[in-house]
Amino acid sequence: QRGSRGQRCGPGEVFNQCGSACPRVCGRPPAQACTLQCVSGCFCRRGYIRTQRGGCIPERQCHQR
């Protein structure tokens, strides 16, 4: 999927005009304090989680790493 500026999203990602500034990352605890601000860009699809390398994988694979 492409964003408004022609940005190409990777596998398991979707472009969102107003996504979280603090996405969940596999192997890291959730952010304790995250400001409620809109960030546009590529975000993991529902049921996926960001890896520490930057890609998105199914959440069920996160616990296997």
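Any Cβ shown, glycine's included, is placed from N, Cα and C.
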Practice task
Could you identify, going by Swiss-Prot, the member of CYS18, CYS56, CYS62 that forms a disulphide bond with CYS38?
Solution key: CYS18
Problem - Selected from CYS44, CYS62: Swiss-Prot disulphide partner of CYS56 - result: CYS44
Fill in the blank from the handout: With neighbours defined as other CB atoms within 10 A, the best-packed of the disulfide-bonded residues CYS18, CYS34, CYS42 is CYS42
Completion exercise
For CYS62 (disulfide bond), the spatially nearest of the disulfide-bonded residues CYS9, CYS42, CYS44, using Cα atoms, is CYS44
